[in-house]
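So that you can see what the record holds, here are the features copied from TrEMBL:
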{"type": "DOMAIN", "residues": "6-331", "note": "domain 'Acyltransferase 3'"}
{"type": "TRANSMEM", "residues": "12-29", "note": "transmembrane segment"}
{"type": "TRANSMEM", "residues": "41-58", "note": "transmembrane segment"}
{"type": "TRANSMEM", "residues": "79-96", "note": "transmembrane segment"}
{"type": "TRANSMEM", "residues": "116-139", "note": "transmembrane segment"}
{"type": "TRANSMEM", "residues": "151-176", "note": "transmembrane segment"}
{"type": "TRANSMEM", "residues": "182-203", "note": "transmembrane segment"}
{"type": "TRANSMEM", "residues": "215-232", "note": "transmembrane segment"}
{"type": "TRANSMEM", "residues": "244-263", "note": "transmembrane segment"}
{"type": "TRANSMEM", "residues": "284-304", "note": "transmembrane segment"}
{"type": "TRANSMEM", "residues": "316-340", "note": "transmembrane segment"}
Amino acid sequence: MKVRLYEFDFIRAISALSVIAIHTTSAYILTNDIGYVWNQLIRYAVPMFIIISGFLLYNSDRNKEMGYLSFLAKRLNKILIPYFLWSAIYALYNFRGSIIHDHSLGEIVPYYLKHLLTGIDHLYFMVIIFQLYLLYPLLKWSFKKGHDKLVLLLAFLMTFYFQLASYVSNWGYLILPKKLLVYNYISFPCWIFYFALGMYLVTHMDKWKDKVTNIKLNISLAWFICSALLIAESKITGTFESSMKPIIIVYSIITFFLFYLVSKYIATKTFIQKIFTWISEQSFIIYLSHILIMRLVRAAAYRIGFTNIWDSLSGMTLFFIVTVLSTLVFTYLLSFIPFISWLGGVSIKKQTVFNKSQELSL
């Protein structure tokens with residue numbers, strides 16, 4: 001029986017909360033300095049999610065023998081059904097005006113089908129994960145053959161180049177065709193390094209865990225320096241809305257190791273650990289649902305007359321807190337429903353926090 005790696009529960013939970021923070025602070029970037037800094041400091045969120053995805057998948061699967069089609073059938077079912085359902089939910093929400101006033105569904109179906117390939121709003125992440133799952137068996141085979149360092153290097157060069165292409169296009173420099181740049185944000189080359197890095201960290205876990213602990217002051221200093229550079233670079237270049245640029249590759253790696261160090265402390269606090277474990281297990285549905293919850297929270301405040309409640313620094317902070325709490329309550333209530341897995345959640349009967357007899361494996 002494998003022992004659950006609670007450190008990675010912490011990292012995944014923080015990443016989920018950071019995604020919510022990115023979206024709740026985005027409206028304040030130009031009007032609030034603290035909102036701007038906060039938004040930039042959490043730009044690791046999507047890269048971190050992908051690192052964790054690669055890590056957890058390879059950690060649980062590397063010693064298993066499974067055919068390509070069997071693997072895809074098992075894994076894709078877990079993401080495709082929630083993806084189709086949440087895409088439908090967001091399509092209905094985005095066209096709620098037409099449905100209510102015109103009693104028409106005519107525009108929704110074409111909109112829904114068109115955006116299945118690119119993802120509605122934040123669901124673009126699912127398109128990326130789908131591609132990475134398609135590539136995973138090949139990556140796994142290469143790692144098992146001992147080519148992990150070569151794969152990681154090639155993945156880094158690919159991600160660096162494709163992210164650099166999006167970055168320099170802001171100033172009119174094209175190192176990729178325009179047609180590719182339009183969809184660069186959902187193409188696997190932009191993100192494959194993070195996924196391969198997660199797998200690489202599994203392969204060499206015994207080596208890097210001790211090294212990271214021994215250089216924790218260096219990692220902390222590197223994080224502060226890289227954070228300052230990111231904040232300044234985003235302001236100078238005007239690329240503060242992007243998580244696809246070379247400096248964020250470095251920043252995300254450093255942040256991962258910093259979070260690992262913090263998680264070693266959190267893992268000794270039983271109650272706090274349980275909270276992060278629960279959020280980690282429900283991170284998929286939290287990610288999928290939080291935009292809807294965020295919009296409903298904002299709309300509800302306006303409807304009852306609190307038109308300025310989200311203004312200022314205190315309003316931004318309150319908006320984040322209310323959105324997080326509402327999303328967590330929504331997720332908890334859904335966990336009592338048997339078919340929550342269709343929406344990307346975990347039934348309360350299967351959660352580690354509520355089921356002490358469950359095998360603690362990843």
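From the backbone N, Cα and C atoms, a Cβ is placed for every residue, glycine too.
Relative to the transmembrane segment (215-232), the listed stretch 41-58 leads the set 41-58, 116-139, 151-176, 284-304, 316-340 in CB pairs under 8 A.
Counted over residue pairs 6 or more apart, the CB atoms of the transmembrane segment (244-263) and the transmembrane segment (116-139) come under 8 Å in fewer than three pairs, which marks the two as apart.
Highest Cβ pair count under 8 Å relative to the transmembrane segment (151-176), across stretches 12-29, 182-203, 316-340: 182-203. Packing against the transmembrane segment (116-139) from elsewhere in the chain are residues 19, 23, 46, 49-50, 53-54, 57, 68, 71-72, 75-76, 79-80, 83-84, 86-87, 90-91, 94, 151, 183, 185-188, 190-192, 195-196, 199, 287-288, 291: each is 6 or more residues past its ends and has a CB under 8 Å from a CB in it.
Sequence-distant contacts of the transmembrane segment (182-203) (same chain, six or more residues past either end, CB-CB distance under 8 Å): 47-48, 50-59, 62, 118-119, 124, 127-128, 131-132, 135-136, 139-140, 143, 148-149, 151-152, 155-156, 158-163, 165-166, 176, 244, 249, 252-253. Cβ atoms under 8 Å from those of the transmembrane segment (41-58) belong to residues 8, 11-12, 14-16, 18-19, 21-22, 25, 75, 125, 128-129, 132, 136, 140, 143, 191, 194-199, 201-203, 227, 230-231, 243, 248-249, 251-252, 255-256, 259, 283, 287, 362 of the same chain, restricted to positions at least 6 beyond its ends. Taken as a whole, the domain 'Acyltransferase 3' (6-331) shows an average pLDDT of 92 in this prediction.
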